[in-house]
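Colleague: Under the heading ATP binding site, Swiss-Prot lists A59, V60, T61, G62, S63, G64, K65, T66, citing sequence analysis as support. Look at Swiss-Prot and you will find 603-646, 685-707 tagged as compositional bias 'Basic and acidic residues'. What Swiss-Prot records for 709-725 is compositional bias 'Gly residues'. Under the heading region 'Disordered', Swiss-Prot lists 119-156, 591-725. Taken from Swiss-Prot, the feature motif 'Q motif' applies to 15-43, supported by a curator's inference.
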Amino acid sequence: MDAPVPAAPAFGGSWAKLNPPLSPWILDVINSMGFKNMTPVQAGTIPRAVKNQDCVVEAVTGSGKTLAFTIPVLERLSRREEPYKKGEIAAIVVAPTRELATQIHAVFHHFLSSLIPPESEEETGDVEAHAPPFASSSRSPSPQTPDKPLFPLPMLVTSGTPTPYETFQSTHPSILIGTPGRLAAFLLNPRGLAIVRVSELDVLVLDEADRLLSSPDHRRDVERIMRHLPKQRRTHLFSATMTDAVEEMIGLGLRNPVRIVVNLKDKRKDGEEPKERRTPMALQNTYLVCRHAEKTLQLIRLLLCESTKHERSKFIVYFSTCAAVDYFYRILSRLPSLSKFHLTSFHGELPPKIRETALSTFTSHPSSHLSPAVLLCTDVAARGVDFLDIDVVIQYDAPTDPKTFSHRAGRTARAGRRGKAVVLLGKGREEDYVDFLNIRKIPLTKQPYINAYLEEVDTPQALDPEATTLLHSIRQIILTDRELSDKAAKSFVSAFRAYSKHEASFIFRTLDFDFNSQAISFGLLRLPAMPEIKDWKKKKEAERQRLEKIKSEGGEVEEKEIIEWEDAGVNWDTFAYASRQREAARLATLAQRADNQSSNDAARAEARAKRKIKAEMREAWSEQKERKVRKEERKEKKDAKKKYEWELEQANGEGDRQSDLANIAKAQAERKKRREREEESWDEEIGKEYKSLKREIKEEKSVKESSKGGAGGGGIGGGMFDDLE
């Protein structure tokens, strides 16, 4: 078991040392949550945000940014002398995803629902200090209970809010938390304009601001919201990275903001300068080098090694596409080696309710190293979603946007806890990604290759034989349901598309992409029909011929590893879907296709015959006669040849002359009669076809002439001489 990573110390100091001090009821809630000290970002942000200052906060993921804006909003709400009236909004928090908005809402809800009502003062002791100054006047004289806090609870405005206006009118919230599109629709809808009053708005918070502003749709909605709100407000931007879009927004929407940048530095030996980093100090950030064909194998071994040897119990595995998450969830959950793992699928194409259920199932699972929980997901769970107990993050695919790397890795080692992150990199050029990240202040250390005995070794020189074994195991699973084969092909294609759109394309080059190797890792039955694969095979064959030519000329050639591929032996006509409905639809399609094929064959044969007849009809009479003459000449030559052969036999003394002459004469007579019958039949058939075609041509001509006469006036000349033909 590796040595424990020490928890990162909180350099922000005690909550009691804040100036101005926080309200006692807020401190009580913070203490009940187990936070004894502030993080640096909280110590730097809260005092300024409580005062009348706009804040732009840049800090590493997992540094406590949520409390850094939640506490100032509540403190300003608590210090307000005049209570907010029904329908008035005190603060709006905008988050890029539904999951992040839900978690922020849960934090606000925890604070506001924990207040002690003043009516219970005689029973609970002195609570005067716990209550805000306007507590007695902020509610009607009706008695209050613990179920009715001093402040209205916050309202969540996302796709999961079915009746937002009814909820707003029944609860009268002062704080709104939601996603950009839903908030913009809620506030700017005519009904929202009538019942939601923002003239007294105090604070606007943009969490994960770089992601909010990187999406054109999100940015448009954020700008609409900001234009609707009063200019005399506090605006706070929080993010782990600052982009040009964020800088532009700072100039447009903030007034003299204070910048708060929290950097982490590694401790060094005497004489060494500390290095700045953008990941938590308690994070063991690593990379593992393997062939693409070995990636799924290494993923499985990492899960087994970390859970068995290091007793890790909660994992997140990131893929580049939703299709890959869906496919690998179905495959990995059926592998016997991972039977003790509880797998959950989570990606952006799932309906909101299912996403919410999946996230809840994963976070609430009582995981242990004997029954670990694994979340297979895309970048929808890379930012903002707060997982407090993640032990290991594995990146099956490096993120398309390098800025996302620190957000993915930051799902572990949060709030001072230790954690580990591993990114799987292909052998070769992809190893340059380590230096690329180091320049971006994200240092990585090497995670050794894991062999079949879960031992750490060097990357093998040849393809791990277990990769082929795993390929056959996955294929056996796929062969149980044709739908899995469809999903495998879809995930393979989508993974390549994501690879081709990588921002670090000078490292992740499509020219170096090995389709055979990737197909082994995905367990495909056959390579999908992609133009890129066809081009790749041509280039591969041309390169092979070039190297062979150099070898034949005595030149030296650097041997490159070639990973061969062989399609599985599958009868695709009988390979069935497990779903009866889908299989019935497939069989119906096959039958329809067969009928169409036979109909098409008959139609093509008829078209060929018609073209031949038309071509012969278009021939001049002299050419037709000449063709018949040539045919007769060929037959006469054939008869003359046979006669010559017979005479030659007679000269050599072979055969009976009289009987042979009789046979030849009889055969010639029969051929002549048969030829005459064929010519008569042919002439009759041609005559019928000719008459039929002539009739069709005449009808077409008549229609054209009549339409021409009706449109342009020359109606008499249009068809008056048709009968003279």
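Placement of Cβ uses the backbone N, Cα and C atoms for every residue, glycine included.
How buried are these features, and what lies next to them?
Modeller: Taking a C-beta cut-off of under 8 angstroms and a sequence separation of 6 or more, T61 (ATP binding site) has the following same-chain neighbours: A240, T279, P280, R383, S406, H407, A409, G410, R411, R414. A coil conformation is recorded for T61 (ATP binding site) in the three-state DSSP classification, outside any helix or strand.
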Colleague: In this predicted model, what is the average pLDDT of the motif 'Q motif' (15-43)?
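Modeller: For the motif 'Q motif' (15-43), the model's average pLDDT rounds to 90.
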Colleague: Taking the mean position of the Cβ atoms of A59, V60, T61, G62, S63, G64, K65, T66 as the ATP site, which residues outside that list, in the same chain, have a Cβ no more than 8 Å away, listed in sequence order?
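Modeller: The surrounding set, listed in chain order, is T39, V41, A68, A240, G410, R414.
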Colleague: With an 8 Å cut-off on Cβ-Cβ distance and a minimum sequence separation of at least 6, pull the same-chain contacts of S63 (ATP binding site), or say none.
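Modeller: Long-range Cβ contacts: T39, P40, V41, V262, P280.
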Colleague: When neighbour density is defined as the number of other C-beta atoms within 10 angstroms of a residue's C-beta, which of the binding-site residues G62, G64 has the lowest density?
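Modeller: Ranked by other Cβ atoms within 10 Å, the binding-site residues G62, G64 bottom out at G64.
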